[in-house]
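Structure first, commentary second.
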């Protein structure tokens, strides 16, 4: 297998957490960092190089220019800016769309032909804007979507059932935001639906829907209130996406994918189960949703699309 090259655009906490996770898993032999502040990119590259001395395999980390992206296999984009005091969400979204469009054009001009993973928020909207501006295929433009929300859900279910999170099949779908929802009708442990598994094993399944909502909907706020930001969890989740693609696992994970008729919608990037393999998103999986879940999915699509269309008018 040829050596893997991964480029990071945006050397903030999330980007650096991803790169550190990827390094320790041995996902690539070469890493490059692009940041609006070249000194910051250099400083992080130096720090990561020092860390690499303790790894059991050789890697290189350096500051990249956009021209260096031509033969990269992956680009992970976390670049964007936070909300300013007094600024509306729409103004922030419009400005971050402008930023991602500029990045997309520079990436395309470099000759890059690999897989782009977008993590910048609001991720569903920014991923769509990047895809539209770059013209890259749906397979090769992947949003982080609700991957972290899903990881939190699986952890909460596993803790309740006293099993490994790897034994839990559960998805948070829709927007990476307030309109996301848990697909309760699809929760399984060891192949058994949650309620059936509960009866088999004697675990308490009363009020489980209400109790599982908390770690999904409030966990990020709990972290932000205590340490101002979340980054290790999403960094590890993105490394997992990259790992599955590199290893061509064909595993099913949640990711932000562009819908082309799946679930009855077109043109919206949203968190859904996908098959990950060497080509990126190899298939979108349409799981069965009950009527309540279908309504929530449609509401989430409508919210994402409206914000995107309104932001475009504001540019």
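All positions are counted from 1 along the displayed chain.
Here the Cβ of each residue, glycine as well, is placed from N, Cα and C on the backbone.
For reference, Swiss-Prot has these:
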- 14, 35, 66, 119, 120, 121, 144: NAD(+) binding site (BINDING)
- 83, 89, 121, 122, 123, 124, 149, 150, 151, 152, 230: substrate binding site (BINDING)
- 176: active site, proton acceptor (ACT_SITE)
- 221: phosphotyrosine (MOD_RES)
- [ ] Compute all pairwise C-alpha distances among 14, 35, 66, 119, 120, 121, 144, the residues listed as binding NAD(+), and give the largest one in whole angstrom.
- [x] 22
Task: Fewest Cβ neighbours within 10 Å, where candidates are the binding-site residues 35, 149 - done: 35
- [ ] Taking only the Cα atoms, work out how far residue 144 (NAD(+) binding site) lies from residue 123 (substrate binding site), in Å, as a whole number.
- [x] 7
Task: Those binding-site residues, out of 35, 120, 121, 123, 149, that come within 10 angstroms of residue 176 (active site, proton acceptor) at the Cα - done: 121, 123, 149
- [ ] Using residue 66 (NAD(+) binding site) as the reference point, find which of the recorded positions 123, 149, 151, 221 has the shortest Cα-to-Cα distance to it.
- [x] 123
Open item on the list: On the three-state reduction of DSSP, what should I expect for residue 230 (substrate binding site)?
Closed with: coil
Task: Among 119, 120, 123, 151, the one of these binding-site residues whose Cβ has the fewest neighbouring Cβ atoms within 10 Å - done: 151
Open item on the list: Around residue 230 (substrate binding site), which of the listed recorded positions (14, 120, 221) come within 10 Å, judging by Cα atoms?
Closed with: 14, 221
